[in-house]
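As recorded in Swiss-Prot, the features of this protein are as follows:
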TRANSMEM  39-59  transmembrane segment
ACT_SITE  Ser222  active site
TRANSMEM  699-719  transmembrane segment
TRANSMEM  742-762  transmembrane segment
TRANSMEM  798-818  transmembrane segment
TRANSMEM  867-887  transmembrane segment
TRANSMEM  917-937  transmembrane segment
TRANSMEM  944-964  transmembrane segment
TRANSMEM  986-1006  transmembrane segment
TRANSMEM  1009-1029  transmembrane segment
Amino acid sequence: MVREKAQVTMGSTTMDMLEDEVVKAQDRRWRLRLRNPWACSAYTLVTTALGFAAFFLMLQSFLTKQLDTKGCEMVYMRPMYSKFDDFDTEHTRFASKYSLYLYREWGIDEEFTVKGAPVLFIPGNAGSYKQVRSLAAESAYHYHNSVQHESNAGKGERRPLDFFAVDFNEDFTAFHGQTVLDQAEYLNDAITFILSLYHTPGRSRRDPHLPDPTSVIIVGHSMGGVVARTLFTMPNYQANSINTIVTIAAPHARPPVSFDGDIVRTQNAVNSYWRSAYAQDSAKDNPLQHVTLVSIAGGGLDNIVSSDYASIASIVPETHGFTVFSSSIPNCWTGADHLAITWCDQVRKSIVRALYDVVDVSQAMQTLPVTNRMRFFKKWFLTGLEDIAEKTLPMTTEATLLTVDVDTAILPQEEQLVLRSLGRSSPNIKAFLLPVPPRDRGEKIFTLLTNERLDGPGEHGRLEVLFCSMSSAQSTQSYLTHLDFAGESPTATKLACKNAASDVIILPESTSHSNFPFRPDQAPFSYLQYDVRDLAQHQFVAVLDKVAHHSAGWVVAAFSASSEATVKVNPSLQRLLYTGISLQLPPRRPLTTEISIPALHSSLLAYDVHISRQKCSQGELFAPLLRQYISDLYESKFFVNVEDAMINVHGRGRPTCRAALSSKSPSNGLSLQIWADPTCDSSIDVTLKVDFLGSLGKLWMRYRIVFAAFPLLVVALVLCQQFRTYDATGVFISFAQSLNECMYSSLPLAITALTFLSITLATAQMQSKKLQALGGPASIIGAFFDNDNELLLGSEDPFFWFLVPLFGIMCTAICVMVNYVVLILTYLFATLYALVRSNRLLDASGQRTPDAFAVTSTRRRIINTLILLSLISTAIPYHFAYVVLCIVQLATCIRGFRLAKEAQLDTNYNFYNYAHSIFILMLWILPINLPVLVVWIRNLAIQWLTPFSSHHNVLSITPFILLVETLSTGRMVPRVRPGISLFTNVFLFAIGAYAAVYGVTYAYVLHHLANILCAWLVAIHFDTLGLAFEDSSKGVAVVGGRSEGKKRP
């Protein structure tokens, strides 16, 4: 009996031991799984694969799809520069850092004395003063060859343009707000010095009867355009010393990067200053009342600064400036990349000719009044087809007396004039009169297209167009020109006429041999378009064929109903995406047809357009010509001899860009204007479809900053899961395992919540715009809900809700990649570290012993920290210290990984996983600090040692220093009580939420949020407030390989 009881007891004990072993084995497997740094679940693997597939498709689309053709002509010049050495420290405190130069063109103007109107060129980010040479050389040649021989009739008195340029030693203004302010201060001093040259004996050869200049014309490239607008906000700005600014590829709407707080605050302050100035009720209260600003953008070829940011619609009213794309500029018609736009021959010629037209050296301000300046800027930079384009016909005098035989010259009402070959008309019929229809017959437009240049008053060319009315009884001597096409006809009638050449619109030539609109060897078309209301004072349109012999010139002209010339397609955006647009233009149609699609206004979508070729029995006069345009930024693109065209736009719907001022007319979306030969009696099929793959590439230029900010949301959620598990179980799981767990819990919830938030914000933004458009009290309510497109991805269309999960997947994939790259580097460096120290880690018996963290004395650590902080407060920016801390933290990770592998203790693995995760967090904060560090290093290279006060704030780096220094001793963070762990979650949630909602616009704040988190972790480490468990000190300090804790199998 006793024996049986003993056997039962032994069996029970054995079973208990077996159960304990099973539990221990399960616990070991659980701990092994949680601490595996290479863990990757199937869900994580699929998400990573999808993320990288989308990312590489986006890059492939950006590099190969929907690309504009490069059409800039190369330029040549023979530059000469003169440095103003006497512009020294007596004039500016930046004399040792920056320099001022005067440009002259060798062989044209070699005298380094001022003689005309001053123009100051401001280079952009890392730009050179030598970039002025293309504009200045063209200015010298244009004045030498043309301007000095032209009449000043209708214009101001003109002299050569004196081009000055500043050498900023290739400063990085895009990264550093203080550099922008320094350059602005220097430029104001330079302007004062430049103006003083014009009344300095020996420096000026200006005509004595001309007044001394009191203002300078500014041309700014890239960030130089932003600096130009900053000049007005500086204390040393001299009132009215600037009244004309032309910027090229300048990011006016937003800073190109938001990693530096100073650049964000500076540009926001400058934009607010300009908005408030133009918002004044009285012109006397507006310090910018005499200032005009034209912003020229390069379009899709600019891969450095998105041309969306070149918009000044939210800063300057249309009365004082506008934004235009180089593809819209007459005789240019091509996009340009960020650097090419400074030397592009077509662009520089338009800029120089516009500047000469607005110059008036007889005035002290050196320019014409604002209204005249704007008229000439519109003439040179806009197509002439825009709503704000001004017609000069009403202001033109009747300078031509035309005598015609009305019996043979007048065409029947509503008949189309077609001259297929100029010079073939009967000798008795050289003038063709189209009767202007009465206004009571509905809305009409007059259009005329020809491949010939239209003659101006008194010119003896090949074709002239006049708008005529019956001559009054005034003397014929008052007319400048007399044209007699009637001979001895008894029905001769005299008509008083105005010449239409000043309103001609230049269009690129489109024939069956045309390939691109910007070919310099092609003569452009001449186009006229008037609303019949503009012709109310006239009875006839006279087309004069002045060619004596048969020629290849042709003319098409007619009055047509406005309703026939406009087709409005207004389906929803969703329907357009699924089915596209298909429509047919009838055989009998006007010369030009405009297709308006209000739903297509987003710059995030790209489209493919196909236009079928029409059949012509007599042959086409010209091939179809397509113009795509969007009125928000006056962006036009022309496609000649078109069958297939790639359409992409900039404008409304652009992310993180503020809406236009109230004076700006609402957008009509994408419009397609087609010129097709109306003599061909055949229909034209037009189809438009969304290019989904091409659209994907548009995300890169608009959302590059997302890939620096959004991953911090993922990192914050991973850290939150790690601390939650550690405080509950004592196991600090690996970053990879925590990411796996987040894939099933917090990450999908966060992305879903952000998706709904994006829909809510976009809907509120749309409603806000509608309410503000109504005016009155509704506009006040609308302004309250207006978020200026600063939140999340900045889109104002709820349709793009899918961008949040799309970027969430891509950023998660990037986080996975970065984690594994860091692991690989840690493994490689740890292996190398072990090989170097292998001979030093043998005990007395020759056996290897685990490596140990070297623990310095507290006094020495305090001294080192104080020395570093003193250097930060005086000599080095905290961004430099942050980079050093990242290197130190990487070394800590390497040592922690090696120790964990050798000691195989749970506490060592806890510490390594903790140190690794902190390093991942610091690594994602690193890009925010690098740009300012680059600026500091650049200043050291040019021996500029003046510190920037905003970058020596020790509080911005002290928590990072203390945390990294603590981790370098191998000290593990203690576990905290459940109530206290809530604060850790709150700090991490704040980082993640801010990164997602505000990270794109205010990325620099993420450094400070991470700094606060570090301060909290330092407080937990030192446990000065009793935050940790009472037994938290047991097994948490990693001191060599003698740490307590469970040993891993």
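Cβ from N, Cα, C; glycine included.
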Interface-richest range of 39-59, 699-719, 917-937, 986-1006 toward the transmembrane segment (798-818), CB pairs under 8 Å: 39-59
Whether the transmembrane segment (917-937) meets the transmembrane segment (699-719): three or more C-beta pairs under 8 angstroms: yes
Secondary structure at Ser222 (active site), reduced by DSSP to three states: coil
Distant-in-sequence neighbours of the transmembrane segment (742-762), which means Cβ under 8 A and at least six residues beyond its ends: 41, 43-44, 47, 713-714, 717-718, 720-721, 787, 791-793, 795-798, 800-805, 808, 812, 992, 996-997
Non-local residues, at least 6 beyond the ends, that sit with Cβ under 8 Å of the transmembrane segment (986-1006): 254, 257-261, 264, 655-656, 703, 705-706, 708-717, 719-720, 723, 750, 754, 757, 790-794, 925, 928, 1012-1013, 1016
